[in-house]
């Protein structure tokens, strides 16, 4: 039953009426038609046990309207909302295209070079430039400046956005002598234009990845013209048979060389290696390989041995690929040893110690760079970028490469990639290895999103262990940084399989694995199965670091999991950090932080400042910051202050009832209405534009049924 609808009353109650219960005479619980239940009864129904004096009737969503003041005509800015308070207004492609053309003709579409230096003749294209050069017309139509200080002025440098900055009144009163004003940033892993052009034209070479694919007997080669070669997900069954169920008997035993003589796959791989080894960087050696005889690691560089599948090893019982114990191999390899520095693989020496470190999970959309900076200031030890698709990275998409950016405050930082085939993953790993500064690379094999699963990536790989094997082997043999894997318990509910694969995952080359205690079929319903995570941890090899993930929302949860399974390295925190990023502080200080609304607003203000620094202080940057702020607020409203709960700590699956906060701001922050989230954004970023609409991308303000937790 839970909370019943409010009784009829002559007194109208506004859904945003945020009075403190001590400031406004509060009606007795029977007046609110609340069925009196014990906190234990509420928890059994997955309802948060809020103290009865703070409860209020749930707002009526049928008559709710969101007033968004974006211009002089307030009536036009008034829009109907759905029952969840989310604004629904979708424009057609033709309408969007028309608006873009009108925007280009507008005076607001000013040339960026002119805006930087504030001079009409600052653009090198002159009259041929397709952007506006009329500074006076731009300033006449520019929105009013926002309150606050330009984020770039604090760094004692000229703002790279010039007159387009929404904090122009805080700029220093002098005109720069040159228009060459570069944005000094503390961010790295930025996509360079020359690299992007090579990726666009499909002219970037991947010698390490191609060599590793040849050694493993996988299709790919040097050419990147095929769909699989350039990293695109290919669903052609004829092309994916070898990649899906890789066995040695599916690989051709012979090949034709340039002089029409027949050679073995190993000889072909050696020739391929000889042709590309000159491009290797000797400071980045190959992987330390295992012996054919007993599988131990050979520390002698001159006696390195061939690494392959067991079937491939049986095909060559007397030959070691790199040590040249037979005469032919020795002669072939002597010519290439001058180029090859057979040192142990760097991953074998440099391993990240996840033990007892607080790990912020890679979070799509909300786990952006400004949010990660917030979590770092609140105590997170390890951060990871948002999941990036191998296909888009190999195509040089700037929006996808932006997910790899790293701030200087992120001392231990990794990137997460997602791909369906070993060639695309291996080439992406080599690309990141060469052009990004990361401490580890995580491969997502647990993403439940339909568009990812339908293309054979994410949690779809849980049904294809041989595909998992080839991907991990190809990636671990290509990179010089530690490789980690993130998985779910299995694809179907009740059919867990990671416990049977976890020892193999280490043998394939992974240094750490994160297990999310739900199946793909469960998505985020029901509670995370930590008993199964403990089972996987106990079955894992001693050198494989295992991290648990799921439903950590307080330091009590963290302590329980670490004490129940001492072999667990640490825990990854995901949704708990979205709802209350100060969970890292709570864990480190071992306390329940009864944070005030003003402290929460200061955290939001810091996010806004970090966002303006990251996305820009012009109108486009302000609105981008607002968009991601609203996405984050769609999670934070689920937090219930410690001081108004009957039982603490709050659990992640509790559904909060409608309640009054201890002040007006706390009541506003507890609202699940998008209109109230917009009001919070307007407190920091000014009024929204006239045509502004917002709907949460992940529908994070929706709850599953109580039975599903």
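Backbone N, Cα and C define each Cβ position, glycine as well.
According to TrEMBL, the feature zinc finger maps to residues 110-136, out of the candidate ranges 2-28, 29-55, 56-82, 110-136.
Checking the ranges 254-276, 277-299, 300-322, 323-345 against TrEMBL, the region 'Disordered' annotation falls on 300-322.
The helix, strand and coil residue counts that DSSP assigns across the domain 'C3H1-type' (110-136) are 11 helix, 2 strand, 14 coil. Per-residue pLDDT, averaged across the zinc finger (110-136), gives 82.
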